[in-house]
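TrEMBL has this to say about the protein:
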type: ACT_SITE; residues: Glu92; note: active site, proton acceptor
type: DOMAIN; residues: 98-333; note: domain 'Radical SAM core'
type: BINDING; residues: Cys112, Cys116, Cys119; note: [4Fe-4S] cluster binding site
type: BINDING; residues: Gly164, Glu165, Ser196, Ser218, Leu219, His220, Asn295; note: S-adenosyl-L-methionine binding site
type: ACT_SITE; residues: Cys338; note: active site, S-methylcysteine intermediate
Amino acid sequence: MRPKTIHDISFDDLAAWLTEQGQPRFRAEQIWQWLWIKGATSFEDMTNVSKSLRSALSQVFPIALPTVAEVHTSADGTRKFLLNLHDGHVLETVLIPGGEHFTQCLSTQVGCNLGCTFCSTGQMGLTRNLSAAEIAGQVIVARNHLWQTGTGMRLRNLVFMGMGEPLLNWENVDNALDRLIHASAMNFSPRRVTVSTVGVPGTLDALGHSHKASLAVSLHAPNQELREKIMPRAARMLPLPDLLARLRSYPMAPRQRVTIEYVLLGGVNDSLDQARQLVRCLNGIRCKVNLIAFNPCPGLPYSAPETEQVLAFETLLRDKGLTATLRKSKGQDISAACGQLKTRRTAGANNCGPTVTNT
Ligand code: SF4
């Protein structure tokens, strides 16, 4: 088994190891700050740590953060990163501009085995889970990029909406969340971190009880039959009635709401009758709805919805009292949707999933 990297170990484990080496406790705090606050990518960066200790650290705990292979910048400011992993695999992460800040879209797996029919990543199959260090490391890499390029814009929001199903890699996602929200590490507010899932029994409740992030649910269909066609494995793993029941009792702070994601696929799930079904589904769930118009392209069997249909769908939800927002597509010129760039690079294809949206 590969030794744990320095970004995979907890503060307490690091402190315990340093104590065994005869080091004072403040040394652990120094090193932790280098790793999580100053974004060190090498032990050589840790200039206030002795050379001998840096050398001892590097022999026991390798550093294996993702490294930047490619950065693509869209005309609208969206930046998509292809990152290399230590074993030669590649992952994607995207920075989406919004006002004075960026939102980062994070991947949690290389590929995905759920095979949702509108999603490029779903067509790849699953290669492997990402470690906690590889998940949180995406944020270190993107933040360092923003510091180095001097945009003056802050990374404020994190969304787990990239490649993979986060709740099928919950242990590592949970550990990454610890680093991302902890005050002595990256210090993101849990209110500004969102985990998006199709709904996975067991770990959905674990996310809720962790209070480490908000919840977004990829629903995309207002009944089980259609959901089984659009996202067959997800729909069978947790049938829609059970998913909705879990959302009705999902633990949330008083003003918190679940985000319901609904990709409008032309002629498939965008009728007014289906909008009415969706309203009925969401009865009793504290939620807001994000509508996303599908972006068609070769390789996926769907077309874009008509603009009038999208607006009518949105209007119906609002007339029935739901908060519904039509999300603007960003980064279309750089294939910013989950899985697109990697698919293009590895297969020479140009498959498209739902385009990354600003949150
Ligand atoms: S939409 Fe999410 S869960 Fe479905 S195949 Fe794509 S990455 Fe996997």
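Even glycines carry a Cβ here, placed using N, Cα and C.
Overlay of TrEMBL feature records on the structure.
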{"residue": "Glu92", "record": "active site, proton acceptor", "CB count, 10 Å": "28"}
{"residue": "Cys112", "record": "[4Fe-4S] cluster binding site", "CB count, 10 Å": "28"}
{"residue": "Cys116", "record": "[4Fe-4S] cluster binding site", "CB count, 10 Å": "24"}
{"residue": "Cys119", "record": "[4Fe-4S] cluster binding site", "CB count, 10 Å": "26"}
{"residue": "Gly164", "record": "S-adenosyl-L-methionine binding site", "CB count, 10 Å": "30"}
{"residue": "Ser196", "record": "S-adenosyl-L-methionine binding site", "CB count, 10 Å": "25"}
{"residue": "Ser218", "record": "S-adenosyl-L-methionine binding site", "CB count, 10 Å": "26"}
{"residue": "Leu219", "record": "S-adenosyl-L-methionine binding site", "CB count, 10 Å": "28"}
{"residue": "His220", "record": "S-adenosyl-L-methionine binding site", "CB count, 10 Å": "28"}
{"residue": "Asn295", "record": "S-adenosyl-L-methionine binding site", "CB count, 10 Å": "21"}
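Cα of Cys116 ([4Fe-4S] cluster binding site) to Cα of the residue listed as 'active site, proton acceptor': a distance of 18 Å. Among the recorded positions Glu92, Glu165, His220, the ones whose Cβ sits under 6 Å from an atom of ligand 1 are, in sequence order, Glu165. Comparing CA positions across the recorded positions Glu92, Cys112, Cys119, the one lying closest to Leu219 (S-adenosyl-L-methionine binding site) turns out to be Cys119.
Of all the recorded positions in the list Glu92, Cys112, Cys119, the shortest Cα-Cα distance to Glu165 (S-adenosyl-L-methionine binding site) is found for Cys112. Separation of the C-alpha atoms of His220 (S-adenosyl-L-methionine binding site) and Cys119 ([4Fe-4S] cluster binding site): 12 Å, rounded to the nearest whole number.
This prediction places the mean pLDDT of the domain 'Radical SAM core' (98-333) at 95. Nearest in space to Cys112 ([4Fe-4S] cluster binding site), taking C-alpha to C-alpha distance over the recorded positions Glu92, Gly164, Ser196, Ser218, Asn295, is Gly164. Residue density at Glu165 (S-adenosyl-L-methionine binding site): 28 other Cβ atoms are found within 10 A of its Cβ, drawing on all protein chains shown. According to its DSSP assignment, Ser218 (S-adenosyl-L-methionine binding site) is in a strand. Distance from the CA of Glu92 (active site, proton acceptor) to the CA of Gly164 (S-adenosyl-L-methionine binding site) is 11 Å. Spread of the S-adenosyl-L-methionine binding residues is 21 Å (greatest Cα-Cα distance among Gly164, Glu165, Ser196, Ser218, Leu219, His220, Asn295). Distance from the CA of Cys119 ([4Fe-4S] cluster binding site) to the CA of Glu92 (active site, proton acceptor) is 14 Å. Spacing of Cys119 ([4Fe-4S] cluster binding site) relative to Asn295 (S-adenosyl-L-methionine binding site) is 11 Å (Cα to Cα, whole number). When secondary structure is read from DSSP and collapsed to three states, Glu92 (active site, proton acceptor) falls in the strand class.
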